[in-house]
Amino acid sequence: MRPLPEPCTERAKKSSEPNQEPNREPNRESSRGSSRESSRGSSRESSRGSSRGSGEEQRDAAEPNGVSPTCDVTVPQSAPEPPLPRGQWGGKYEFLLSCIGYSVGLGNVWRFPYLCYRNGGGVFLIPYFIMLFFTGVPLFLMELSLGQYGAAGPITVWKCCPLLKGIGIGMLCVSTLVCLYYNVIIAWTFYYLFSSFQMPLPWSCDARGNAALCGNGTSMNTSHALSPTEVFWNERVLGVVHSSGLDDPGPVRWPLALCLLFAWIIIFFCMLKGIHSSGKVVYVTATFPYVVLVVLIIRGATLEGSLQGVAFYLTPDWSQLASAQVWNDAASQIFYSLGIGVGGLLSMASYNKFDNNVIRDTLIITLGNCSTSFFAGFAIFSILGHMAYRKGVPVGKVADTGPGLAFVAYPEALALLPGSVFWSILFFLMLFMLGVDTLFGNMEGITTAVLDEFPQLRSNLKHKSLFLALLCFSFYMMGLLLITDGGIYWFTLVDSYSTSFGLIIITLFMCLGISFFYGVNQFCQDIVDMICRCPPWCSKVLLYFKACWIVFTPFLLLFILTYIFIEMYRTPLRYASYTYPQWGRGLGVCMGAVCCLQIPIWAVVAISRETGTFRDRFQKAIRPLNSWRTNDPNISSQQQQVEPERVEGPHTITLTDVDFTAMNWEAASEA
C-alpha cells in the first residue's frame, strides 16, 4: 500500500521554520518508527522516515534545493548562514599586554602620585593595598572569568542570569561616557606633542612671548602671578579665559578639533580588524611607557632637589588613616586604574581560550598595574622636587590633581631640564601610549557588545568597518563640545559623574548577582573547569575570593557608595574658581543615574517575558539559558544540543511520514 503523502502546505510551513524546538520529541519517535519499519522489511521507507525526523538540516540534505519528491513545490533553503566565529588572541602575551595597557593609563601618572602625597604620603599605600586585595582583585577576577567562560561581550554574557542583563547595558553606558571624554585627553596630548617640536618650548621662560611672565629666567614664585605653563594651558590650549561657565561654551577650538580628529582616525585604524590588529599594536603601546618611565627616573635622580620630592612622596602621616576621605580615595583609585565595571576587561577576556588560567592573569595584571602606579611616582616627584628647588617653594605648591599635574606642573618641570625639547617629546609620547591603550579597552567593550548582539556585522568586514567608522565619527562629533572655550567645564562634569556612583552601583549588583543569583559555588566551579590543569593553589585561593564576593567586597562597595552620596550632597563641584550651578550638578547626577537605572529597567523586561506567578517569573529570570555553557568543551555536544534555548510554549505534536507509513504497514499486516 502506498504511503499517504504529507500535505504540501505543511511541508512548506515546516521548511520555512528552521531549527524548530518542537521537532526534538518527534525525532525520538521517528527513530523508533524507523526501526519498526525496518523490522517489517521496508528499508527504503525506514531511511526516508529517519531523514524526515532528524531535523531540517538532514532533510535539506536528502532533498536538494528544497524540492519534495511527493509535491512539486520548490521551497527555498531555510538553513541560516552560520555566524562568523569569534576570534581569539594571537598569543598569550597579546591578552596580558592588552589588559596591562588598558589598566595602566593616565591615572597612574597623574592621579596616584597626587592622591599619595595628599593623603599622608607612604601611609596611603596601606588603605590602597587593602582596597586592592578586597575589592580590586576579586572584581577583576569576576569580570575576566565571566568573559572567558561565556565567550561573549558585556551584554550577551548575561545569559548566565537574564535578570541582570541591565548590568551589561549599564557598562555600555559608562564606557560610552568614558570614551567621549578620554580621547579629548589624547587630543590635548597631541597638541602638546606637536608644540614640543619648537625650540624653545612655547611654555618655557625662554620663549619670547613669556618674558613678561618670568623673572631671572624662572617662573615667578608669587602666588598671584600666572606661570607661562598656566598661561599656555588656559589660553592657548583650553581657551577657558573666554568662557564664563557651562552655559557659555563658546566656539570650537579648531587646532584641538584637528588633534581630536587625528586621535579618532588612529583609534579607527588600530581597531579595524578587532583584536587581530589592536593585539599587535599593544606590543609597542604597552611596553614603551615603561621604557620612558625608567629613563625619566634615571634622569630625575641626577637632578638637584630630587630627593626632596621623593621624601615628600613617601613620608607617612599616620593621622590620615582615621580619615574616611583616605579610604574613599584609595578605593576610587583602584576602580579608576584597573578599569573595573566598564566592560573592557570582560570583552578582552571573551577572546581567550577556554582553558586559560584566569587566576594567574588576574594576579599578574593587578599587581603589575599597582606596582606601575607606585613606580611612576618616583619619576614624577623626583622632577617635581627639582622644580620646587629651582622655584624655591615647597613641593606641595607645585603639584596638582587631574590634568593640572600632566599639563601644567609637569611641562613646567620639563622646561627646566637641559635638553627640554627631547624630554618633552618623550613624555607626551608616553602619555599618548598610556591613553590610547586604555581607550582600546573601552572601545573594545562597546564594539564587542554590539557585534555579539548583531553577529551579522561580524561576518561582513565592510559592514563592520562602516559600523566602527560611524561609531568613531559619532564620538568625534559629540566630543566637539568638550574642546570649545568652555569645554573644560563640560569635561570636568563628565569626568566627575561618569565613573562616580553609577559605576559603583553597577559593580555592586554584578558582585551580588553572581554571588547570590547565579551562585557563588557554581561560579567557582566554572573557574575550576577553566583552569583544570592549574596547580592545587589555584583552587585553594578560590576560598579567599568566595569570601570576598559574599562579604568583604559588597560591604566595602556600600561604604564607598555611602561616602560618595554624602560628599556629593555636601561638597559643590568646582573647577578652579568656578562653582558649578545646581542645574549642572543635576545634569551630572542624571548621567550616573541613566547608567545604573538600566539594571531595574531590564530586570522588569526579563521578568515580563516569563510566564506564571511573580515568583515563578523571578526564578525563571535568574536561571541561566541553556546556551550559557556551549563554550565549555567539558560538556559533550549531545548535552549542549539537548535544549539550545529555554522556550516557553504550548505542547504540540508534529506528524511526519513515519507516522503514516507505520499506520499503513499495521493495516496491511492485519489484513
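Any Cβ shown, glycine's included, is placed from N, Cα and C.
Curation does not apply to TrEMBL; its annotations are automatic.
Taken from TrEMBL, the feature region 'Disordered' applies to 1-85.
Annotated compositional bias 'Basic and acidic residues' per TrEMBL: 8-47, in sequence order.
The transmembrane segment annotation in TrEMBL covers 95-113 (among others).
Non-local neighbourhood of Val104 (Na(+) binding site): Ala286, Pro289, Ser337, Gly368, Asn369, Thr372, Ser373, Leu434, Asp437, each in the same chain, at least six residues away, with C-beta under 8 Å from its C-beta. According to TrEMBL, the Na(+) binding site annotation covers Gly101, Val104, Asn108, Ser337, Asn369, Leu434, Asp437.
Counting same-chain residues at least six beyond the ends of the transmembrane segment (125-146), those with a Cβ under 8 angstroms from any Cβ of the stretch are 116, 157, 160, 321, 326-327, 330-331, 333-335, 338, 340-341, 345-346, 349, 358-359, 361-363, 365-366, 370, 374, 507, 510-511, 514, 523, 526-527, 530, 545, 548-549, 552-553, 556-557. Residues annotated as transmembrane segment in TrEMBL: 125-146 (among others).
Among the features that TrEMBL reports, transmembrane segment is placed at 167-194 (among others).
According to TrEMBL, the disulfide bond annotation covers Cys205-Cys214. Of all the Cβ atoms in the protein chains shown, 22 others lie within 10 Å of the Cβ of Cys205 (disulfide bond).
Summarising the annotation, TrEMBL assigns transmembrane segment to 254-272 (among others).
Residues or ranges marked as transmembrane segment by TrEMBL: 281-301 (among others).
The feature transmembrane segment is assigned by TrEMBL to 334-351 (among others).
Long-range neighbours of the transmembrane segment (363-384) within the same chain, counting only residues 6 or more positions beyond its ends whose Cβ lies under 8 Å from a Cβ of the stretch, are 96, 99-100, 103-104, 107-110, 112-113, 116-117, 125, 128-129, 132, 136-137, 140, 290, 293, 296-297, 299-301, 303, 306-307, 309-310, 312-313, 333, 337-338, 395, 398-399, 405, 409-410, 413-414, 417. Per TrEMBL, transmembrane segment is recorded for 363-384 (among others).
Taken from TrEMBL, the feature transmembrane segment covers 413-434 (among others).
Residues or ranges marked as transmembrane segment by TrEMBL: 466-491 (among others).
Look at TrEMBL and you will find 497-520 (among others) tagged as transmembrane segment. Under 8 Å from some Cβ of the transmembrane segment (497-520) lie the Cβ atoms of residues 138-139, 142-143, 146, 160-161, 163-164, 167, 170-171, 173-174, 177-178, 181, 335-336, 340-342, 546, 549-550, 553-554, 557-558, 560-561, 564-565, 568, 588-589, 591-596, 599, 622, 624, all in the same chain and six or more residues away from its ends.
Taken from TrEMBL, the feature transmembrane segment applies to 541-566 (among others).
Look at TrEMBL and you will find 586-607 (among others) tagged as transmembrane segment. Same-chain neighbours of the transmembrane segment (586-607): 162-167, 169-170, 173-174, 177, 493-494, 496-498, 500-503, 505-506, 509, 568, 573, 580, 614, 617-618, 621, counting only residues six or more beyond its ends whose CB sits under 8 Å from a CB of the stretch.
Neighbour list (Gly101 (Na(+) binding site), Cβ cut-off 8 Å, at least 6 residues apart, same chain): Val282, Thr285, Ala286, Met433, Leu434, Asp437, Thr438, Phe440, Gly441. For Asn108 (Na(+) binding site), the same-chain residues 6+ apart in sequence whose C-beta sits under 8 angstroms from its C-beta are Ser337, Asn369, Thr372, Ser373, Ala376, Leu434. Tertiary proximity for the transmembrane segment (281-301) is limited to same-chain residues at least six positions away from its ends with a CB under 8 Å from its CB atoms, namely 93-94, 97-98, 100-101, 104, 270, 372, 375-376, 378-379, 382-383, 386, 417, 423, 426-427, 429-430, 433-434, 436-437, 440. Long-range neighbours of the transmembrane segment (167-194) within the same chain, counting only residues 6 or more positions beyond its ends whose Cβ lies under 8 Å from a Cβ of the stretch, are 106, 153-158, 237, 255-256, 259-260, 262-264, 267, 341-344, 346, 403, 407, 411, 424-425, 428-429, 431-432, 435-436, 438-439, 442-443, 445-446, 449, 475, 478-479, 482-483, 487, 491, 494-495, 498-499, 502-503, 506, 509-510, 513, 591, 594-596, 598-599, 602.
Packing around Asn369 (Na(+) binding site) is summarised by its Cβ count: 24 other Cβ atoms lie within 10 angstroms of its Cβ, all protein chains included. With a cut-off of 8 Å between Cβ atoms, the residues of this chain six or more beyond the transmembrane segment (254-272) that come close are 183-184, 186-188, 190-191, 194, 237, 278, 281, 436, 439-440, 443-444, 447, 465, 468-469, 472-473, 475-476, 479-480, 483. Beyond the transmembrane segment (541-566), the same-chain residues lying 6 or more positions past its ends with a Cβ under 8 Å from any Cβ of the stretch are 131, 134-135, 137-139, 141-142, 324, 327-328, 331-332, 359, 500-501, 504-505, 507-508, 511-512, 514-515, 520-521, 523-524, 527-528. Neighbour density for Cys214 (disulfide bond): within 10 A of its CB lie 17 other CB atoms from the protein chains shown.
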